Structure formats: C-alpha cells, structure tokens
Amino acid sequence: MKGLRGVIGRVRDWRRGWHERSKLQRIDLYTRVTLCAMVWLFLLTWGFLPLGTVFGRGSWALAIGATLLTVNVAQCLLSTFNVGPAFDHYRGAAPFPRRRLRLPAVLLVVLSGLLIALMAGNGLDDRALPVMAMDVPIAFGIPYALLVPARKFLLHAAAYIAAFVALLAAFGGTGTPLLATALTMALGLLLVIISVRPSGWSLSVMWQAEEARDMQARLAVAEERLRFGRDMHDVLGRNLSVIALKSELAVELAQRGNPAAVDQMVEVQRIARASQQEVRDVVRGYREADLPTELMGARGVLQAAGISVTVEGADGPAGIGAPAAVQAALGWVVRETATNVLRHGDPRHCSIR
C-alpha cells in the first residue's frame with residue numbers, strides 16, 4: 001500500500017507541476033518529449049525487430065546483434081539527455097557543450113561498424129539491412145540537427161551515407177541491397193531534418209514572442225514609473241516652490257503687520273489644495289501634458305510667484321495647428337521650464353512664445 005501511495009503521490013505532483021506551467025512551457029515540454037519518444041520508437045521498430053533475423057545464423061551473429069542492440073540503447077539514452085540542451089542551444093538560451101557529442105559520435109561509428117560486420121558475415125538478412133541502416137544514425141541525428149545549420153547537416157548526412165555504403169560494398173555488399181540501404185538512410189535522415197528543425201524553429205519563435213511580451217510589459221512598467229516620477233517632480237516641485245515663496249512673503253508681511261499676509265496664506269492654501277488634486281490625478285494616471293492646460297498652469301504659478309508672464313497664443317492654442325502629439329510634447333516643455341524658472345531663477349518677467 002505504501003508503494004502504491006507513493007506512486008499516486010508522484011502522479012499528483014506531476015499533474016500539479018503540469019498545470020503550473022504556462023501554455024508555452026507545456027508546448028516546449030511536449031515537443032521535447034515527442035522527439036525523445038521518436039528516438040525510442042525508431043529503435044523498437046527499425047532497430048530491434050529486424051534483429052530477429054540473426055537467430056539461426058550462428059552464435060557469433062547473435063553476439064554481434066546483442067552488442068549492436070546494447071550500443072544502440074546507449075546511443076538512445078545519450079540522445080534523450082542531449083535533446084533538451086540542443087533545443088536550448090538552437091533558440092539561443094544556453095550554449096551546447098561540444099564535448100557531449102564526442103561519445104555519441106564514437107557510438108555512431110561503433111554501430112556502423114557492427115552493422116557492416118554483421119552484414120559482411122552473412123549474419124543479417126538482406127531485407128533487414130536497409131531498415132536497420134536507417135535506424136543507426138537517427139539517435140545521433142535528432143539532437144545534431146539542432147546544433148548545426150540545415151545545409152551542414154545535409155552535407156554531413158550525405159558524407160556519412162556515402163562512407164557507409166562504400167564500406168558495405170568493400171565488404172561484399174552488392175546490387176539492390178546497397179541501393180535500398182542508401183535510399184532508406186537518406187529517407188531516415190531527411191525525416192529527421194524535416195521533423196526536428198521545424199519543431200525547433202517553432203519553439204524558438206514562440207519563445208522570442210514570449211520574451212518580447214515580457215520585455216514589453218517590463219518597459220510599460222518602467223515607463224509608468226518614469227511618468228509617475230516625472231509628474232510628481234513637475235507637480236510637487238513647481239507647486240512647493242510657489243508655496244515656499246508665498247509662505248516667506250506671508251511671514252515678512254505678517255512681521256510688518258501688513259494685512260496682505262492673510263491674502264498670501266489664502267493663496268498658499270489654494271495652491272496646496274490644487275496640488276492635492278493634481279497628485280491624485282497623477283496617481284490615477286489621468287493627468288496628461290496638455291498644451292493649453294500647461295500654458296494656463298504655468299502662467300498661474302509664475303504670476304503667483306510675482307513674475308509677470310506673457311503667453312503668445314494662449315487665447316487660442318488649438319489654432320496653432322500642431323498635431324496633438326506635438327502639443328503634448330510642448331506641454332511637457334512648458335511644465336519643465338516653469339519648474340526650472342521657479343527653482344533656479346529669479347526673473348521679473350517671463351515670455352512664453
């Protein structure tokens with residue numbers, strides 16, 4: 001019962017992990033598992049079943065056949081472990097360590113030699129040779145197709161097929177079996193390239209789109225933070241400067257007993273309340289840099305600071321004829337300029353043209 005509960009627990013964990021993945025992560029995992037399954041499917045159908053023809057051809061043929069099957073299983077295991085890193089390499093997520101190809105390449109040579117030896121010693125039926133020869137490079141070719149350009153893969157495949165068929169001919173292969181072997185090997189490797197490369201390309205494009213969406217979301221957040229900080233700087237900076245000036249003026253007037261100090265404090269109160277509303281608008285994202293509004297606001301705060309202001313075109317800013325985007329940009333210029341004048345200047349008169 002404990003063993004059964006453990007299996008059920010692992011199944012539940014797997015289901016939970018599957019549902020926690022995004023749709024793209026599920027597609028990615030599904031594609032990788034499918035290619036790994038292809039490796040083993042080819043082994044069972046093209047690599048294992050034809051070995052039945054070695055029975056009755058002597059103990060040496062049986063020994064070579066068993067060795068060939070063992071090496072082929074090892075090659076499939078290595079391919080299963082290499083498919084994932086090969087996918088990551090193809091889409092640029094992580095480089096593939098080239099040393100991981102050394103052992104699979106050696107096993108490919110060993111598999112080819114064992115199959116040729118089995119055929120040369122008449123330990124394999126002529127009809128089984130093309131099928132088994134098709135399977136030999138499949139496990140190596142699936143991850144390799146993701147690691148090199150398609151043209152390079154096809155050139156290497158052609159060179160491998162030519163060398164394999166030449167060795168078969170050198171050890172007694174003739175006629176139709178040689179031609180059938182060359183054709184089936186070409187078909188198998190062509191099947192690899194048209195199955196693996198489109199899968200890798202599709203996943204790569206989907207991951208790029210996903211990364212672009214993530215980047216767009218991060219940029220939107222950063223842009224909103226910049227907008228918020230800029231608005232807070234412009235709104236509070238400008239209005240606090242006016243409040244400071246008005247408060248200093250009110251203090252001086254109060255010390256002199258001038259009743260105008262009350263008017264200045266009333267103005268400070270009005271600006272503070274207006275600032276509260278502007279801050280609320282900034283937080284809600286409703287406040288935009290509108291040229292007519294910014295012209296009126298700049299003139300109001302500058303005049304409140306005792307600076308005479310002349311605004312040309314203020315009576316009809318829409319008649320300027322500029323597009324809305326240009327007027328919005330000019331609104332930011334007006335806002336920033338008014339803030340800088342209040343903070344860093346001491347003018348008597350300002351002209352906005």
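Even glycines carry a Cβ here, placed using N, Cα and C.
The structure displayed is predicted, hence computed values, not measured ones.
Sequence annotations record features per position, and here TrEMBL assigns transmembrane segment to 29-48 (among others).
Beyond the ends of the transmembrane segment (60-81), by six or more residues, the same chain brings 36, 39-40, 43, 47-48, 51, 54, 100, 103-104, 107-108, 110-111, 114-115, 117-118, 121, 123-124, 135-136, 139-140, 142-143 to within a C-beta distance below 8 angstroms of the stretch. Summarising the annotation, TrEMBL assigns transmembrane segment to 60-81 (among others).
Residues annotated as transmembrane segment in TrEMBL: 101-121 (among others). Beyond the transmembrane segment (101-121), the same-chain residues lying 6 or more positions past its ends with a Cβ under 8 Å from any Cβ of the stretch are 54, 60-61, 64-65, 67-68, 71-72, 74-75, 78-79, 82, 129, 132-133, 136-137, 139-140, 143-144, 147, 164, 167-168, 171-173.
According to TrEMBL, the feature transmembrane segment maps to 127-146 (among others). Below 8 angstroms of C-beta separation, residues 35, 38-39, 42-43, 46-47, 50-51, 53, 72, 75-76, 78-79, 82-83, 85-87, 89-90, 101, 104-105, 107-108, 111-112, 115, 119, 153, 156-157, 160, 164, 177, 180-181, 183-185, 187-189, 192-193, 196-197, 200 of the same chain, each at least six residues beyond the ends of the transmembrane segment (127-146), sit close to that stretch.
The transmembrane segment annotation in TrEMBL covers 153-172 (among others).
Sequence-remote contacts of a segment are chain residues at least 6 beyond its ends whose Cβ falls under 8 Å from one of its Cβ atoms, and for the transmembrane segment (178-196) they are 35, 38, 42, 46, 129-131, 133-138, 141-142, 145-146, 150, 153-154, 157-158, 160-161, 164-165, 168-169. Here TrEMBL flags 178-196 (among others) as transmembrane segment.
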